[in-house]
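Student: Quick paste of what TrEMBL says about this protein:
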| type | residues | note |
| --- | --- | --- |
| TRANSMEM | 6-23 | transmembrane segment |
| TRANSMEM | 32-53 | transmembrane segment |
| TRANSMEM | 73-92 | transmembrane segment |
| TRANSMEM | 176-198 | transmembrane segment |
| TRANSMEM | 218-239 | transmembrane segment |
| TRANSMEM | 251-273 | transmembrane segment |
| TRANSMEM | 285-306 | transmembrane segment |
| TRANSMEM | 318-341 | transmembrane segment |
């Protein structure tokens with residue numbers, strides 16, 4: 001499942017990059033497009049859909065209680081893994097585009113203010129820049145400095161692969177925001193993994209005879225209330241999408257096509273290939289969850305990331321509005337097709 005979710009994120013990012021090139025998306029919207037196409041809502045939607053399918057009288061996934069318990073476990077794991085990927089991979093990719101667009105906008109604004117306030121024309125600025133020396137005194141190196149640099153380069157050239165890997169790792173770690181990676185949802189997922197996989201912790205907290213079962217029941221109570229609360233958050237975010245924004249119709253249609261046509265079709269190929277080569281078992285409910293991970297709408301965390309950078313908020317609301325409106329019909333069709341395909 002972690003590999004399947006990662007593949008859905010990577011394929012969505014690649015398709016988003018193609019969409020950006022085709023539609024010539026403005027720079028300030030490119031990060032938003034990549035986020036909407038790559039990050040899927042792996043959380044509350046699966047927790048609503050899977051138990052509803054299991055509780056049907058003619059459910060194709062066997063006994064209702066067993067299907068519901070396993071379905072909730074699969075959906076919870078999907079939500080936890082998806083949250084980790086969103087606040088590591090998706091946040092990092094979106095920040096690259098959003099920081100670039102914000103810095104470019106600020107540079108252009110500052111340059112316009114400087115020209116207006118100084119009263120200089122473009123000709124004066126060009127003549128002034130042409131009179132400046134090409135190299136500052138600090139940039140001129142002595143023969144000794146150049147010799148030292150040549151020796152350093154020759155030393156590093158012995159292991160070029162290791163040097164490149166070290167540079168890429170350093171560049172990546174400098175841009176990592178640990179506060180965003182260890183978001184509350186990520187911390188909760190890590191704690192859940194620790195309790196669920198370590199037997200002594202599980203026996204103390206989980207189960208009817210567990211001495212600290214009050215923690216489990218309290219967490220379940222809060223989790224049940226979180227699903228309708230997240231539904232209210234979706235409605236609040238989509239309300240802003242009723243306002244006009246600068247998102248083109250072609251861009252919205254492209255995101256909808258990626259999320260509800262291309263990704264689900266590619267998901268069928270990937271899951272069936274994984275079953276064909278023995279990477280997953282014959283559990284139809286588990287395959288159903290894997291297939292659903294390619295057909296869900298964009299994650300609401302994309303809107304949270306956009307709000308953190310304070311850019312393209314109205315455009316994000318418009319895209320979320322239309323993608324979730326189409327999801328009501330697209331998810332129904334894909335769920336029906338997936339059940340037919342698996343049974």
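Cβ atoms are placed via backbone N, Cα and C, with glycine included.
Burial and contacts for the listed features, if you can.
Tutor: Same-chain neighbours of the transmembrane segment (73-92): 1-2, 5-6, 9, 34-35, 38-40, 42-44, 46-47, 50, 175-177, 180-181, 183, 185-186, 188-189, 192-193, 285-286, 289, 293, 299, 301-302, 305, counting only residues six or more beyond its ends whose CB sits under 8 Å from a CB of the stretch.
Long-range neighbours of the transmembrane segment (251-273) within the same chain, counting only residues 6 or more positions beyond its ends whose Cβ lies under 8 Å from a Cβ of the stretch, are 4, 7-8, 11-12, 15-16, 19, 22-23, 25, 29, 33, 36-37, 40, 280, 287, 290-291, 293-295, 297-298, 318-319, 322-323, 326-327, 330, 334, 341.
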